[in-house]
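I have placed the structure first, in the form of structure tokens, so that the comments after it can refer back to it.
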Amino acid sequence: MIDRYSREEMANIWTDQNRYEAWLEVEILACEAWSELGHIPKEDVKKIRQNAKVDVKRAQEIEQETRHDVVAFTRQVSETLGDERKWVHYGLTSTDVVDTALSYVIKQANEIIEKDIERFIKVLEEKAKNYKYTLMMGRTHGVHAEPTTFGVKMALWYTEMKRNLKRFKEVRKEIEVGKMSGAVGTFANIPPEIEQYVCDHLGIDTASVSTQTLQRDRHAYYIATLALVATSLEKFAVEIRNLQKTETREVEEAFAKGQKGSSAMPHKRNPIGSENITGISRVIRGYITTAYENVPLWHERDISHSSAERIMLPDVTIALDYALNRFTNIVDRLTVFEDNMRNNIDKTFGLIFSQRVLLALINKGMVREEAYDRVQPKAMESWETKTPFRQLIEKDESITNVLSKEELDECFNPEHHLNQVDTIFKRAGLE
């Protein structure tokens, strides 16, 4: 991922240095496990643990000759050791190291992402509670429907991110898995105890069955889950973009002193952060196809997935980490124009209360079809003439003979739409 959309902590996880360090840790743990089984002298393992060092530049120099990164790595590490170097990579195949270390690196990335999600959820919780009863216009098909509250909108985002967190925790169990089962997964030259020891010490699980590789359905599920998190962010970002339109202006991204919105138009205050999140989400989601196409490897392995994953996994995790942090800050600092929200409710001449009038007529004994056919023409006339809907209703004796002034007052009371907000919040776990 380019530096522009990378945060240092996450980017450092995907450096060559950290990758080789993870490989080295797997190699050393394997030696320790062999030693526990009495196969490698403990003194040799101690020397390996103390003296083995990673030199990325040297490993890459060797790779120019070997054309094999793991062989180059093991030879570079061996250069830092004495006779004990013969135990490095003992009984292992390259992917025992690469796949297990990759899962360990992904685990490091996951710990950051999980904290990112939890922080965003906390901000959404605060926003939901702060604007619990702030009335605003609910829209369906982009058209005014009925009032809701900005707090309910935030509660919706909150519950969606809680689901994302649950899914993320589930996929962590699938992806944070190692394998050290040899060339075709049969443990022909390495006992299962080695795998168990290494994975236990890395804090990851073991694959119950593997080939030379971990199966890539795990990685496809992982990428799809991260893409769904990103897509939720895009959904929220698009809502902010729509609510910041000049004609609506119910919210606005924070605009810093000295910030510029346009090189040509000095007045511009654009939702560039939310637009940025929209674009990043597209990039992340685009990797789903790559992840799924990595699943059908040949027989017990090929490396067609390798080149794709070297690009895909850093890109997706780094981009999502960036997006989560940036969008959390956007929502946290969001300006909310409560007066505009209330004013927008009145822009459609009271038409948004048409269902309340319809239901009131039905409750007083009118057949639904008759009630609908009496209310709709008044609604259409209000649309076309910009006449207040209630004014037209009050001129129709077939309606006023059924509904009293007090009953009409209740029909046109926007506060009615707050009646179940407490229930919604309770169901969302936002008490």
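One is the number of the first residue shown, and numbering goes on along the chain from there.
Placed from the backbone N, Cα and C atoms, the Cβ positions cover glycine too.
The shown structure was predicted, so the numbers you read here are calculated from the model rather than taken from an experiment.
These features come from Swiss-Prot:
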- 4-5, 67-69, 93-94, Q212, S263, 268-270, N276, 307-311: N(6)-(1,2-dicarboxyethyl)-AMP binding site (BINDING)
- H141: active site, proton donor/acceptor (ACT_SITE)
- S262: active site, proton donor/acceptor (ACT_SITE)
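In the three-state DSSP scheme, H141 (active site, proton donor/acceptor) is classed as coil.
Spacing of E309 (N(6)-(1,2-dicarboxyethyl)-AMP binding site) relative to H141 (active site, proton donor/acceptor) is 39 Å (Cα to Cα, whole number). Taking CA atoms as the reference points, H141 (active site, proton donor/acceptor) and H68 (N(6)-(1,2-dicarboxyethyl)-AMP binding site) are 56 Å apart.
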